[in-house]
Amino acid sequence: MKPPHILLIVGGGIAAYKACELIRLIRKAGMSVRCVLTDGGAQFITPMTLAALSENEVFTTLWDLKNETEMGHIQLSREADLIVVCPATADLLAKMAAGISDSLATTVLLATDTPVLAVPAMNVRMWQHAATQRNVARLRSDGVTVVDPDDGAMACGEYGPGRLPEPVAIMERIEAALGRRPIGKAGPLAGKRILITAGPTHEPIDPVRYIANRSSGRQGFAIAEAAAAMGADVQLISGPVHLPTPPGMTRIDVETAREMAAAVDATLPADIAILVAAVADWRTADAAEQKIKKTGGALPVLQLAENPDILAGLARDARRPALLVGFAAETENVIEHAQAKLARKGCDWIVANDVSGDVMGGSENAVHIVTADGVESWSNLPKDQVARKLMEKIADVIR
Ligand code: C5P
């Protein structure tokens, strides 16, 4: 599943500085973003600022021949799932409504059939002017989503409608324009706080070496994404993985099992906990402070110590979530081992999977849901479907 890509056109107004915060939020939601900065916009913020925040080249002029061969204005809009104009000045809105293409920004906007979200910001009188209102009405009837500006004190010292909405509110409009549910607002898990662990843990041997396992974090991240899409307040605690954060959740990155245990403790209370992480059972008893050197003499011996069992600890905790779900990766006698684990760990459900194939790091998973009431086995499914089915089952029992 390719994450959404946003083309952000930054117009020339004092609110341009808020585009910087918006870029941060877009990226935090797991999306990529590329910026076009108008001449007016460049009077307020620099291409360097946008390039650093977006980690992408910034485009400013239509007459850059190198870019017209390698990354032309058509390509800029074609690669985007959504074009966001923020801030959309009175001038940009007028040009968009009239179909004028006299700059890179306006040419991209005329040349595209990608959905456009315009977020106006301007002086109250400019916003209320009949010409601007006419342009906004025209754009809306052309299919452009024009966000209403906020009411309030303005940089020019006046008061009224014309302020750029807060970046968090703009982000919600972006999610909605992409067809994603605004996170935490609705859905069967709205108001539920869900703690999810995912990924492996790394247990250091010395500053450069560590003990790890093959967990990619994909199943845990897919579950977090499904939970957030159903309206839950998701707290995702992740070991070291190479995955973007799905939209609309809080992510805490940890490295070791003990750090994960501390993060879980700090995140409680929660209504539901789903511990998907492949936590290392052992760590080295004493990680060396300096890199262990190859001396040619006796081989180093790794002394191991047991890690805390986060799931079993949570089952005994006074703040135990109402529903506690563990995972079990087994290579043989999957169901028997899962049933034993359910009793040993004191959790409510065990989601058991056979990892004798390439499940760890792969994209599919065949799981068995083991509870006190029995076993439900699902056929082999992509990990995001396993995630959705699991969250639907959880939503059914938690109501
Ligand atoms: O004992 P085992 O590692 O097979 O148990 C797997 C389940 O226990 C998973 O839900 C995993 O997240 C959790 N676990 C844990 N802390 C550990 C080991 C496993 O929370 N130290």
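Any Cβ shown, glycine's included, is placed from N, Cα and C.
Curation does not apply to TrEMBL; its annotations are automatic.
In the record from TrEMBL, residues Lys291, Pro308, Asp309, Ile310, Leu311, Phe327, Lys341, Lys345 bind CTP; the candidate from Asp271, Asp281 listed for the same site is Asp281.
Per-residue pLDDT, averaged along the domain 'DNA/pantothenate metabolism flavoprotein C-terminal' (189-396), amounts to 93 for this model. Within the same chain, residues at least 6 positions away in sequence whose Cβ sits under 8 Å from that of Ile310 (CTP binding site) are Thr197, Ala257, Met260, Ala261, Val264, Leu275, Ala277, Val279.
Ligand 1 lies under 6 Å from the Cβ of the following recorded positions, listed in sequence order from Cys156, Ile310, Phe327: Ile310, Phe327. In the three-state DSSP scheme, Cys156 (active site, proton donor) is classed as coil.
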